[in-house]
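See below for the structure under consideration.
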Amino acid sequence: KNRRTRRLAVLPSSEPEHRSREEEGRDGVGRGGEGWGRGGRGEAWGMARAGRQQQPQRQNSAVFFAATLVLWGVSVAFEIAVNRRRELLPLVGGFCFYQAANWVVRRSLSRDPLFVNTSVSLLHSTVTSASVVLILVDQWLSKGLNNMFEHEQLFGGTWVGAYPALCFSCGYFAYDQWDMLRYRLYSGWIPSILVHHLILLVCFTLALYRNVTINYLILSLSCELHSIFLHVRKVRRMAGLRVANSEAVRTEWILNWVTFFIARLVCHILITYKLIRDAHKFREGIELPLALFGMAGMNMLNIFLGLDLYRAYRRERNQMKIKD
């Protein structure tokens with residue numbers, strides 16, 4: 001049984017899949033080998049040739065994102081060591097914590113890079129969601145809903161526990177960027193997941209340096225509640241744990257859709273609306289343009305993710321009908 005557990009995530013896959021829209025868009029069912037069986041040698045040769053042609057482009061993008069990650073690390077080290085910003089230490093702690101979790105999963109469950117990466121992402125979503133809920137509940141009980149969402153609170157204030165929680169989550173995004181680059185867990189010339197992480201690292205780090213919009217960013221992390229169900233579904237399918245009960249599948253999809261609309265789509269739209277409504281209250285600087293740019297990107301990614309979720313839902317529903 002132990003031997004089987006350690007080998008549970010051996011995939012038949014083709015291109016490395018990843019989370020969010022890349023993950024759900026390709027469904028994670030393990031269909032990567034179908035083309036080889038049905039297309040014969042000609043199709044296999046064509047796919048191999050296309051892969052060789054894309055390799056230089058992938059290497060160029062990898063060099064760019066690796067360079068930006070190194071620059072980010074140097075910047076953080078400078079702030080901590082030279083400017084003595086000790087409050088940024090949880091950022092380093094987050095990076096080390098999730099890297100250690102990666103090592104534990106790799107040693108105890110599976111050595112497959114995609115399975116390990118997705119498992120650690122599930123851990124991050126769980127930890128971050130719990131942190132956000134605790135922070136919001138504490139503020140709700142102490143200040144009430146009306147005072148929580150005033151511009152002064154969201155822009156210049158910092159809720160109890162918000163700063164270290166944001167640092168810890170930022171450390172995860174740095175770890176995840178490094179892990180994806182190391183094991184090439186991305187696809188395309190301009191990988192959307194690497195761009196997404198780079199934008200988050202820039203926005204989060206600048207906010208932490210300037211100590212502004214911390215509470216706005218904590219609210220934006222509420223989407224990690226939906227990510228829990230994305231990652232649970234992904235890990236389950238990668239581990240070969242198929243849900244035979246149609247009611248269980250239906251419940252899984254209900255939770256997926258409810259959290260997608262409430263914790264991700266509606267929440268990010270409300271944050272964007274609040275930024276636009278209070279635009280005149282922002283002082284001159286980079287904060288408002290950067291916040292609007294970041295939320296525009298997040299809303300666009302949410303639309304793509306919703307479409308990919310819908311396609312995966314229809315595909316799985318059709319499979320269940322065929323089985324019935």
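In case you wondered, yes, glycine gets a Cβ from its N, Cα and C as well.
What TrEMBL records for 15-29 is compositional bias 'Basic and acidic residues'. Feature annotation from TrEMBL assigns compositional bias 'Gly residues' to 30-43. Positions annotated as compositional bias 'Low complexity' by TrEMBL: 44-54. Under the heading domain 'TLC', TrEMBL lists 110-321. Residues or ranges marked as region 'Disordered' by TrEMBL: 1-54. Feature annotation from TrEMBL assigns transmembrane segment to 62-82, 88-105, 114-137, 157-175, 187-208, 214-232, 253-276, 288-310.
If you look at the transmembrane segment (288-310), the same-chain residues 6 or more away from its ends with a CB under 8 A from one of its CBs are 20-21, 24-25, 192, 196, 199-200, 203, 206, 213, 216, 220, 223, 256-257, 260, 264-265, 268-269, 271-272, 275-276, 279, 282. If one looks beyond the transmembrane segment (114-137) by at least 6 residues along the same chain, the residues whose Cβ comes under 8 Å of a Cβ in the stretch are 9, 11, 13, 16-19, 23, 98, 101-102, 105-106, 148, 159-162, 165, 168-169, 172, 175-176, 179-180, 183, 185, 218-219, 221-222, 224-225, 227-228, 230-232, 234-235, 238-239.
The transmembrane segment (187-208) shares more Cβ pairs under 8 Å with 62-82 than with any other stretch in the list 62-82, 88-105, 214-232, 253-276. Same-chain neighbours of the transmembrane segment (62-82): 88-89, 91-92, 174, 177-178, 181, 184, 191, 194, 198, 201, 205, 209, counting only residues six or more beyond its ends whose CB sits under 8 Å from a CB of the stretch. Mean per-residue pLDDT, taken over the domain 'TLC' (110-321), amounts to 92.
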